[in-house]
Amino acid sequence: MAQRLLLGRFLTSVISRKPPQGVWASLTSKTLQTPQYNAGGLTVMPSPARTVHTTRVCLTTFNVQDGPDFQDRVVNSETPVVVDFHAQWCGPCKILGPRLEKMVAKQHGKVVMAKVDIDDHTDLAIEYEVSAVPTVLAIKNGDVVDKFVGIKDEDQLEAFLKKLIG
């Protein structure tokens with residue numbers, strides 16, 4: 001109890017009375033925040049670093065952990081899967097990855113996205129004949145039905161996803 005009082009007094013003396021603006025407002029929007037409480041007349045907001053994102057991207061995108069995980073979540077999936085073979089050092093991958101995640105999220109669960117780092121999962125990259133990154137595969141019922149290499153704009157990605165969903 002004493003710790004809460006001390007924390008409340010400290011926060012009262014440190015935190016400004018203005019609501020978050022600018023960069024902080026954008027960081028706290030679209031997040032699940034803990035309840036606000038009143039400390040000496042001030043409304044205390046949680047730190048943006050302690051918020052939980054609840055965007056659809058988190059629900060439709062996953063990182064492949066190993067070969068059996070790929071088999072279970074991609075090959076055996078009843079939902080069509082877009083597989084993004086990428087690398088940490090790849091510049092175009094850093095552009096395509098978020099763009100592709102956004103487009104997959106817009107499909108509302110009709111397709112999911114698996115991300116495979118080729119440096120961590122060389123065996124999968126070899127098995128699926130990935131010779132350059134980014135390489136994106138469309139897998140439906142365990143079979144590769146489409147593929148592209150390189151960066152694409154949003155219109156091309158949308159057409160790629162629509163073709164996969166059918």
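The backbone N, Cα and C atoms fix where each Cβ goes, and this holds for glycine too.
Residues annotated as transit peptide in Swiss-Prot, with similarity to another entry given as evidence: 1-59.
If you look up Swiss-Prot, you'll see 61-166 marked as domain 'Thioredoxin', on the strength of sequence analysis. Secondary structure of the domain 'Thioredoxin' (61-166), assigned with DSSP and counted as helix (H, G, I), strand (E, B) and coil, comes to 42 helix, 28 strand, 36 coil.
The Cβ neighbour count for D84 (site 'Deprotonates C-terminal active site Cys'), using a 10 Å radius and every protein chain shown, is 23. The annotation site 'Deprotonates C-terminal active site Cys' is assigned in Swiss-Prot to D84 on the grounds of similarity to another entry.
If you draw a 10 Å sphere around the CB of C90 (active site, nucleophile), it holds 18 other CB atoms from the protein chains shown. Among the features that Swiss-Prot reports, active site, nucleophile is placed at C90 (among others).
What Swiss-Prot lists as disulfide bond is C90-C93, and the listing cites sequence analysis. Under a cutoff of 8 A between CB atoms, and with a sequence separation of 6+ in the same chain, the neighbours of C93 (disulfide bond) are D84, H86, A87, V133, P134.
Within 10 Å of the C-beta of G91 (site 'Contributes to redox potential value') there are 11 other C-beta atoms, taking all protein chains into account. Taken from Swiss-Prot, the feature site 'Contributes to redox potential value' applies to G91 (among others).
Around the Cβ of P92 (site 'Contributes to redox potential value'), the number of neighbouring Cβ atoms within 10 Å comes to 15. Under the heading site 'Contributes to redox potential value', Swiss-Prot lists P92 (among others).
Look at Swiss-Prot and you will find C93 (among others) tagged as active site, nucleophile, backed by similarity to another entry.
The N6-acetyllysine feature in Swiss-Prot is assigned to K152. On its own chain, K152 (N6-acetyllysine) has L96, R99, F160 as residues at least 6 apart in sequence with a Cβ closer than 8 Å to its own Cβ.
As annotated by Swiss-Prot, N6-succinyllysine applies to K152.
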